[in-house]
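See structure below.
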Amino acid sequence: MRNAQKPSGMPVHRYLPFHEQIEVELPDRTWPTKRITTAPRWCAVDLRDGNQALIDPMSPARKLKMFELLVKMGYKEIEVGFPSASQTDFDFVRQLIQGGHIPEDVTIQVLTQAREHLIERTYESLVGAKQAIVHLYNSTSVLQRRVVFNEDQDGIMALATQGALLCKKYQETLTDTKITYEYSPESFTGTELDYAVRVCNAVADIFEASADNQVIVNLPATVEMITPNVYADSIEWMSHNLHPREGIILSLHPHNDRGTGVAAAELGYLAGADRIEGCLFGNGERAGNVDLVTLGLNMFSQGVDPMIDFSDIDEIRRTVEYCNQLPAPERMPYGGDLVFTAFSGSHQDAIKKGFEALERDADAAGIAVADTVWAVPYLPVDPKDLGRSYEAVIRVNSQSGKGGVAYLLKSEHSLDLPRRAQIEFSGVIQRRTDSVGGEVSADQRWEAFTDEYLPSPAGHPGGQWGRYALGSMNADTEEDGTTKLNTAMRIDGVEQRRSGSGNGPIAALLNILHDDGVDVRVLDYSEHALSEGGNASAASYVECAVGDRVLWGLGIDPNTTVSSLKAVISAVNRAIRDNQVD
């Protein structure tokens, strides 16, 4: 068959191939035959490298929430800022130290350029810390030497070594803090290897690198310039030529400009690296830093403990989205809404048979399904191991009604369902079409929606359902800031007065339900007006965990507080109707 591709006409002559800029020759490479068997040392740089790339940089409260998430997940080295660059970063470092937020086994990392007043300010920020990593960097690439610094190799070498000497000088001001040094030849991928290793070795010598006093040498793909195999060759070459090797913690800092940051990190780790820096879900400048979630769960999927807890991936994603004020893409590996969803009928059939095979294997071995080796077509990991439910797996595409239902609800009923609620309801429609067959009309879809999410009153043609119904209520704020909720509720058809307190009306209602034996947590919440004007009703959508099930509830009311409480009641009633709770 003849290749019909034609020249694009794009100005390719403007771009130099990497091998014409930087020579990387490693004929005796060993990394291709190696396997990843243990996790590297991790360093999360969300609070610095990630934060600087945000349209709306994190507030102190969002920074603290991100730090607490990283600690909870198990990261032990966390870059927390560039304290000499802004008062905001300086104050946040002080807040962490003085507020007692840093666990004993966690080391904060701070970034500084190789300039004396910046280094001095950096050490001032660390007063009182038990231990810290001081991360010194300067750019060494051919391009930046020429167009940014107008310096030759000797000039850039002097900048790096003088910076290291100044770090040692100001270290004397922190007698009670254990300092570990990190040095980054920024834009390493654009730097000649023989020059990069000379600079790194000179800095490591000043920092007195040894087996008992290890120095982190971090090799950033500040801009990803070449295929991951060439990056791995450069890492293995550096690993062979850094001295003393036992005194060096070789670190990677890949970016994703070419879309291969994860592959570069994995191959670089095989090539001799000990440590990887990155951000959750790949936040960072331009196309982002390497994604620590994908890296960790790639290892997990191969039976290697990432030493990081990803067991509640949705909560991790929600927190990261809140802190960054950026959404994680729906196709983001492991964490996106759609990554465990099979739209193809043949895929769904294979997955169904895979689950059946797991159950047979577990029965034959006399063990629980959760203890069997995972082997289900199209699903690289068990969604439940990441805190997901299997409901995502059986969601359907627009051919089964999702697109049409979403359009209908928004255009004719002004209901703008969150994406995950749209997908959940598409499963409801699919089950109905499977049971009755044929085309489902718009009226039938709307009836299905109201029957699913809005409890029916007595006398409804489809029969009454819904254990709980919210009647009159009032919410008062107590002196301590908590909310006292008093409500008249119909429970199994009997009106009862119930009261509860919490951090807001929803929390108070959750406590009322908890006292009634219903375990419910709110995972996500959104609301919008159904029309314009002062008399508009509000629609509230609440994603809840009720027992072992995650599902959505809907509430509609002129009062936004009441609509949100009705949404919680909707989710609880649905779970009870489906026999998910007693």
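Every residue gets a Cβ built from N, Cα and C, even glycine.
Together with HIS253, HIS255, ASN289, Swiss-Prot lists one candidate of ASP49, ASP56, ASP480, ASP492 for binding Mg(2+), that being ASP49. For the region 'Regulatory domain' (456-582), the DSSP counts in helix, strand and coil order read 29 helix, 56 strand, 42 coil.
With a cut-off of 8 Å between CB atoms and residues at least 6 apart in sequence, the same chain places VAL45, ASP49, GLY50, HIS253, PRO254, HIS255, ASN256, GLY261, GLU277, GLY278, CYS279, GLY282, ASN283 near ASN289 (Mg(2+) binding site), listed in sequence order.
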